[in-house]
Amino acid sequence: MAVEGGMKCVKFLLYVLLLAFCACAVGLIAIGVAVQVVLKQAITHETTAGSLLPVVIIAVGAFLFLVAFVGCCGACKENYCLMITFAIFLSLIMLVEVAVAIAGYVFRDQVKSEFSKSFQKQMQNYLTDNKTATILDKLQKENKCCGASNYTDWERIPGMAKDRVPDSCCINITVGCGNDFKESTIHTQGCVETIAAWLRKNVLLVAGAALGIAFVEVLGIIFSCCLVKSIRSGYEVM
């Protein structure tokens, strides 16, 4: 039958889309973890809407992977209930992704503000807390930055000499290189702006990926509905 052949094609395309969903799920989880790592490095301890975004992204990725598994089982067994469940869950994921995108846009400035406040707060403990010093040094070294807004923030730290910055601010790091420094020998840009730039760059990547994922999800919903209709009508699509 022509319809049977058409449904076989739809079923095959649905399998391809399910593989794409798995890849998208892994991508979302990776992006969420990467953003969460940056938030941890920026020492943002407060639980706010901005800091929860990566957790939501990871959760959506994990749920998408689970939904793809349900869809695969439903398509393989040609189970009406599983395919309906797959289509409904896929629609819910699309709504959550839209909500996350809106939240990311709304709270973008708040995230930067969190970075700044938390970074400056922890700078006060640089000379008295070795753990904090290690984290800040790692952050400054990896991001090639110095201070929150810029290197002059270190001048306001109790116990820190006016002509000194941490060695991790130096372009070429050696022991004591932060003493009697020159602007030409250190990174002058603040870490808050550096991290904010990283986040802005990745927000664009996430936005582009989200559009691609949304398109694939729409196709998934359409194909699953076609398969559901075929199953309900009693066609054999093995």
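Going from the start of the chain as shown, residues are counted 1 onward.
Including glycine, each Cβ sits where the backbone N, Cα and C put it.
What Swiss-Prot records for 2-11 (among others) is topological domain 'Cytoplasmic'.
Sequence-remote contacts of a segment are chain residues at least 6 beyond its ends whose Cβ falls under 8 Å from one of its Cβ atoms, and for the transmembrane segment (12-32) they are 54-58, 60-62, 64-65, 67-68, 71-72, 75, 202, 205-206, 209, 212-213, 216-217, 219-220, 223-224, 227. Annotated transmembrane segment per Swiss-Prot: 12-32 (among others), in sequence order.
Annotation comment: Swiss-Prot describes 33-51 (among others) as topological domain 'Extracellular', evidence class sequence analysis.
Sequence annotations record features per position, and here Swiss-Prot assigns transmembrane segment to 52-72 (among others) based on sequence analysis. Under 8 Å from some Cβ of the transmembrane segment (52-72) lie the Cβ atoms of residues 14-15, 18, 21-22, 24-29, 31-33, 35-36, 39, 82-83, 85-86, 89-90, 93, 96-97, 100, 103-104, 107, 111, 206, 220, 224, all in the same chain and six or more residues away from its ends.
The topological domain 'Cytoplasmic' annotation in Swiss-Prot covers 73-81 (among others). Residues of the same chain lying 6 or more positions beyond the ends of the topological domain 'Cytoplasmic' (73-81) and with a Cβ under 8 Å from any Cβ of it are 11, 14-15, 18, 224, 227-228, 231-232, 237-238.
Annotation comment: Swiss-Prot describes 82-102 (among others) as transmembrane segment, evidence class sequence analysis.
Per Swiss-Prot, the feature topological domain 'Extracellular' maps to 103-203 (among others); the stated evidence is sequence analysis. Per-residue confidence over the topological domain 'Extracellular' (103-203) averages 86 (mean pLDDT, predicted model).
Counting Cβ atoms from all protein chains shown, N130 (N-linked glycosylation site) has 10 others lying within 10 Å of its own Cβ. Positions annotated as N-linked glycosylation site by Swiss-Prot, on the basis of sequence analysis: N130 (among others).
Contacts of N150 (N-linked glycosylation site) defined by a Cβ separation under 8 A and a same-chain sequence distance of 6+ are given as T188, Q189, G190, in order along the sequence. Marked as N-linked glycosylation site by Swiss-Prot: N150 (among others).
Swiss-Prot lists N172 (among others) with the feature N-linked glycosylation site, giving sequence analysis as the kind of evidence. Every protein chain considered, the tally of other Cβ atoms within 10 Å of the Cβ of N172 (N-linked glycosylation site) stands at 7.
The transmembrane segment annotation in Swiss-Prot covers 204-224 (among others) and rests on sequence analysis. A Cβ distance under 8 Å defines the sequence-distant neighbours of the transmembrane segment (204-224), meaning residues of its chain 6+ beyond its ends; these are 10, 13-14, 17-18, 20-21, 24, 27-28, 31, 57, 71, 74-75, 83, 86-87, 90-91, 93-94, 97, 101, 104.
Per Swiss-Prot, topological domain 'Cytoplasmic' is recorded for 225-238 (among others).
Annotated motif 'Lysosomal targeting motif' per Swiss-Prot: 234-238, in sequence order, evidence recorded as similarity to another entry.
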Exercise. At the Cα level, what's the spacing in Å between N172 (N-linked glycosylation site) and N130 (N-linked glycosylation site), rounded?
Worked result: 22
